[in-house]
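See below for the structure under consideration.
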Amino acid sequence: MGKVTLLTGMLKRYFIFVPVTDSMSARHFLVLFLSSFVLCWDMQTQLTGVLDDCFCDIESIDVFNNFKIFPKMRQLIERDYFRYYKVNLKRPCPFWPDDGHCSIKDCHVEPCPESKVPVGIKAGNYNKYSEAANKMKEMEDCVQANQLGAINSTLSNQTKEAFVDWARHDDAQDHFCELDDETSPNAEYVDLLLNPERYTGYKGSSAWRVWNSIYEENCFKPRSVYRPLNPLAPGRGGEDDAGEGFYKWLEGLCLEKRVFYRLISGLHTSINIHLCAQHLNIEVFGKAKWGPNVKEFQHRFIETKGEGTRRLKNLYFLFLIELRALSKVASYFERSIVDLYTGNSQEDAVTKELLLQVLNEAKAFPMHFDEKSMFAGHKMEAKSLKEEFRLHFKNISRIMDCVGCSKCRLWGKLQTQGLGTALKILFSEKEIKNLPENSPSKGFQLTRQEVVALLNAFARLSTSIKELHNFRNLIQNKR
C-alpha cells in the first residue's frame, strides 16, 4: 500500500515538473519516471514526505532538482563568469593557534595565473557588471570624491578615520559573512573547475575542532544540552545515543534558531555527500582516482540509528532556502544593466540567458519556503534576533579560516559565503523590489564574489541531491 501511495504521489509531481512533450515518447517518459520512483523508494523509506518547518515534500524536490535545475546548473557553473573565484586562503585562524596547513598533496589548491582570467573579471571593481555600469560608477565615484574632499578639509585626521570606520560598518550591516579583502596580496583567483571539491584525506582533530566549534558555540545551543550538537560526535551513552533524546532540545527553540541549526546541519550534510561521491578509492602508478564510496556513505548516513535521515532532511531544507533566495533575486538580474561582464560579449550574453533560465525555474517552483514567517514577532525583539542570527552566521564564516586543508577551506568559504548571500537576499526583499532598472542601487547590491558564491553553493546542493540518487542506485544494485 505504501509503495502504491508513493507511486501515485510521485506521478502527480512528475507531470508538474516534467510535462510530457510531443518529442517525448510515452516509453521514454515511463522509463524516466520509474527510475525516479525506484530511487526514491530505495534506501531508508523514512526519507520521504513533508519536511519540518515548511510545506514542501522530499519527492517533489527530487524530481524538480534532478530533471529541471541540476542539468542547467551544471552548464551555468562551467561558464567563465562562474568558474573563477578570488579568495584569500592564507588568512590566519582568529580563534586558536594555527595548526599549519595540511601536507597531503590533494589538499593543495592551484591558483590561476591572472593572465588566464578574463579581462572583464579582473577589471578591479567587483561591484561592476557591465561596461555601462563601469562608466556610470566611475562618474559617481568622482563626484563623491570631490564632495568628500571639500568636507574633509575641515576635519581632523581622527575624525576622518571615524567616518571611514562608520562607512565600513554600514556596508557590513547586510553581510552575513566575513568577506575576504580582494585587494590583499594574498587573495588569488582560483579556477573552481580545476580544483573540484572532493575527499583529500583531511580528517582527525583539526577537522573535528572546526565542526565542533561551529555546532557547540554558534548553533544557539541551550545550556541544558550537554551532548555536542555535531551529529557526528561520539555519544555519552544513555538515551541520547538513540537520537530522539538529543533532538528534544530543538523542539523548544523558536523557528529562527531552529532554522539556523538546520541550515548548518544541511551544509555539513552536503559537504559529507560530496566527499563520499568524490572519494579517493584507488591509486594506480601514482595516479589518484576519485569516485563514489558506498561504504563511506552507508557509514555516514545509513548505519546511524536514524540520525542519517535527519541530516539528509536538513540538506533538503537548505536546498529550499537557497532556492527561495534565487527566486527572490531574479528581478535583480533581469535588469538590462546586469550583464555578468567578462569582456567577451558573446560569452556574457549566453551566460546571462542561462542564468535567467535557472532563475525562472526557481520562480516556477510551487512549494517555496515562506521566509516571512521568520522574525515576525515584536519589532524590537525581531530586530535583535535577526542581528543575533546574522552575527552567529558571520562567526561561522570566520571559522572557515581555521580549516587546515586548503581545498577544504576554499570550498568551505565559498559555500558559507553562498549561504550568507542567500540570507542577505531573503532579508532584503523591499530593497530588491525598489531596484532602478537602468542604474546601480545603493539599497541593495551584490558583488561579483557574492554572485559566484551564491550560484556555486546552490550548485553544490543540487549536486548533493543528485548524488543521493546515484548512491541509492549503487546500493540497490549491490543487493
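If you go along the chain as it appears here, the first residue is 1 and each next one adds 1.
A Cβ is built for glycine as well, from the same backbone N, Cα and C atoms used for every other residue.
The model shown is predicted, which means the values in this text are computed figures rather than measured ones.
According to TrEMBL:
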type	residues	note
ACT_SITE	C405	active site, nucleophile
ACT_SITE	C408	active site
BINDING	R198, T200, W211, S265, H268, R300	FAD binding site
DISULFID	C102-C107	disulfide bond
DISULFID	C142-C177	disulfide bond
DISULFID	C405-C408	disulfide bond
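With the fewest other Cβ atoms inside 10 Å of its Cβ, the least crowded of the binding-site residues T200, S265 in this structure is T200. Across the structure, C107 (disulfide bond) and C177 (disulfide bond) place their CA atoms 24 angstrom apart.
For H268 (FAD binding site), the nearest neighbour among the listed recorded positions (C177, C405, C408), judged by C-alpha distance, is C408. Listed in sequence order, the recorded positions from C177, C405, C408 having a Cα within 10 Å of the Cα of T200 (FAD binding site) are C405, C408. Long-range Cβ neighbours of R198 (FAD binding site) (same chain, at least 6 residues apart, Cβ-Cβ under 8 Å): D106, H274, L275, Q278, H279, L280, W290, K407.
The recorded positions close to the residue listed as 'active site, nucleophile', defined as a CA atom within 10 A of its CA, are C102 out of C102, C177, W211, S265, R300. Spatially, by CA atoms, the recorded positions W211, R300, C408 include one closest to C102 (disulfide bond), and that is C408. Comparing the recorded positions C107, C408 on other C-beta atoms within 10 angstroms of each C-beta gives the minimum for C107. Closest in space to the residue listed as 'active site', of the recorded positions given as C177, W211, S265, R300, is W211, taking the CA atom of each residue. Across the residues annotated as binding FAD (R198, T200, W211, S265, H268, R300), the widest Cα-Cα separation comes to 21 Å. In the structure as shown, the Cβ atom of C102 (disulfide bond) sits within 10 Å of 23 other Cβ atoms.
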